[in-house]
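For reference, TrEMBL has these:
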BINDING   THR12, ARG16, THR265, GLY307, GLY408, ASN412  ADP binding site
BINDING   THR12, THR13, THR265, GLY307, GLN311, GLY408  ATP binding site
BINDING   THR12, ARG82, GLU83, ASP243  sn-glycerol 3-phosphate binding site
BINDING   ARG82, GLU83, ASP243, GLN244  glycerol binding site
DOMAIN    4-250  domain 'Carbohydrate kinase FGGY N-terminal'
DOMAIN    260-446  domain 'Carbohydrate kinase FGGY C-terminal'
Amino acid sequence: MAKYILVMDQGTTGSRGIVYNEQGKSIAIDYEEYEQFFPQSGWWEQNGMTVWDVTLRTARNAIRKAGLEGKDITAIGITNQRETTTLWDKNTGIPVHNSIVWGCRRTTDIVNRLRSEGCADIFNERTGLVLDPTYSGTKIRWVLENVPAAMEKASNGDLLFGTIDTWLLWNLTKGKVHATDYSNAARTLVFNPYTLEWDDVLLDLLDLPHTLFPKVQNSVGTFGVTDPEWFGAEIPITGIAGDQSAALFGQVCFEEGTAKNTYGTSAVPLMFTGDKAPRTKTGLMTVAWGIDGDVKYSMGASILIAGQVVQWLRDKMNIVENAADTEAMAASLDDNGGLFFVPAFTGLGAPHYNMDARGMIIGVTAATTKEQMARAALESMAYQTRDLLEDMAANSGVELKELKVDGGASQNDWLMQFQADILNCNVIRPKDIETTALGACYLAGLGCGIWKSQEELKGLWEADRVFTPQMDAETREALYSQWLKAVEKSKDWLS
């Protein structure tokens with residue numbers, strides 16, 4: 001009898017339902033976006049009930065498109081936007097507030113207060129993260145302080161917290177299961193990835209009761225079964241991971257030094273460090289996944305502006321008509337003409353951490369062309385990727401071996417070749433670039449026994465193209481040196 005895995009791929013802007021066969025190939029997909037809310041400058045919310053409804057609907061539609069029924073699905077895997085925070089009444093199942101999205105900055109005052117009290121190093125040492133509004137902990141604190149009755153419900157043990165995976169799991173099981181996996185828990189700012197427990201010291205600093213928090217377990221294993229109402233059958237949920245960990249798993253980065261980069265509006269490089277969990281001031285360490293009690297680690301961070309720089313050239317500057325045009329424009333040139341583009345539109349994130357930086361195009365002459373502008377924009381993605389991967393290697397002691405790529409811009413052959421050149425390592429593009437969902441499929445498949453080992457998964461993964469370095473060392477280092485010089489000039493522009 002054929003076996004199928006349903007993946008719920010819950011992203012920031014929408015949800016996908018995808019059905020995979022036992023060869024790890026997708027056979028049906030459904031996608032739907034949902035509304036985003038921005039009630040104040042820097043605030044970002046989603047309606048938790050809508051997220052659940054859309055995720056359920058796309059899952060059902062994918063099963064229907066595959067010509068299957070719920071009883072035909074062997075297992076479910078879930079992957080989700082990390083850090084986004086939902087709190088709900090456990091008796092009614094209704095959120096007490098909209099979900100606060102990972103990119104929301106409303107808790108800046110709480111973060112600044114904690115920093116002024118000398119807490120930044122405590123959070124860093126106990127979580128591996130920097131004290132920042134991105135993570136769930138300060139978002140929970142904000143809800144308790146600002147939503148009527150939230151504090152009372154929490155005190156009475158009637159309030160539950162979850163990242164989106166937990167929220168979906170709770171609904172899928174009709175409130176029977178309140179749980180998460182290590183990769184999601186590690187992004188909350190109150191989970192200790194070294195002890196693998198909710199950290200009492202950090203919970204006390206934020207004054208958060210233990211009763212809010214879900215059980216934390218391996219990324220592979222039975223989390224529960226769906227209520228028959230949703231799919232007409234009880235389906236085991238056997239794999240969960242946050243989106244970036246799932247993408248790393250979907251790229252079968254199982255050896256130290258293997259890395260992935262997802263090129264989207266932003267970009268998110270992650271490098272697998274295995275058993276190494278280095279404490280760094282830059283906050284790059286996190287949990288990759290846990291399988292059979294064996295927790296593995298990775299290092300990663302976001303490049304704030306990646307593909308968005310090409311969108312800016314298209315939509316604001318009218319330099320390109322279509323994003324895809326940049327490939328031919330860049331390839332038409334022998335070099336970049338000395339032009340460098342630092343896309344610090346909202347400041348510089350890791351590893352520079354300079355939010356007063358602003359975007360800069362430097363090296364402009366009367367001979368500068370739009371083709372050079374397009375090339376400089378593409379090059380900026382590759383340089384920023386090297387910035388982060390070098391920082392990861394330096395902090396972990398793990399040398400980069402190869403980079404696997406996914407996301408829209410990974411289809412740009414010129415960019416991928418330049419990425420290989422500037423990193424001086426192979427860049428490998430898979431045939432299936434939906435690696436986040438594929439990772440959730442692999443995790444769930446291990447959890448339900450379709451596949452027996454990670455080694456078996458390596459045999460399923462297929463490369464589309466390998467880009468090997470072609471640039472000589474002198475040219476490579478001269479270009480990168482100029483990039484770093486440009487970055488330094490962009491820093492502290494607002495201060």
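FYI, residue positions are counted from 1 along the chain as it appears here.
Every residue, even glycine, has its Cβ placed from backbone N, Cα and C.
Model, not experiment: these values are computed from the prediction.
This prediction places the mean pLDDT of the domain 'Carbohydrate kinase FGGY C-terminal' (260-446) at 92.
Of all the binding-site residues listed here (THR12, GLN244, THR265), it is THR265 whose C-beta has the fewest other C-beta atoms within 10 angstroms.
Of all the binding-site residues listed (GLY307, GLY408), GLY307 sits in the most crowded Cβ setting, with the most other Cβ atoms within 10 Å. Put plainly, the binding-site residues ARG16, ARG82 were compared by Cβ crowding within 10 Å, and the winner is ARG82. Put simply, GLN311 (ATP binding site) is 14 Å from ASN412 (ADP binding site) when counted between their Cα atoms. Of all the binding-site residues listed (THR13, ASN412), THR13 has the fewest other CB atoms within 10 A of its CB. GLN311 (ATP binding site) sits 23 Å from GLN244 (glycerol binding site), taking the C-alpha atoms as the reference points. Rounded to the nearest whole angstrom, the C-alpha distance between ASP243 (sn-glycerol 3-phosphate binding site) and THR12 (ADP binding site) is 10.
The separation of GLN244 (glycerol binding site) from ARG16 (ADP binding site), Cα to Cα, is 16 Å.
Straight-line distance linking the Cα atoms of GLY408 (ADP binding site) and THR13 (ATP binding site), rounded to a whole number, equals 15 Å.
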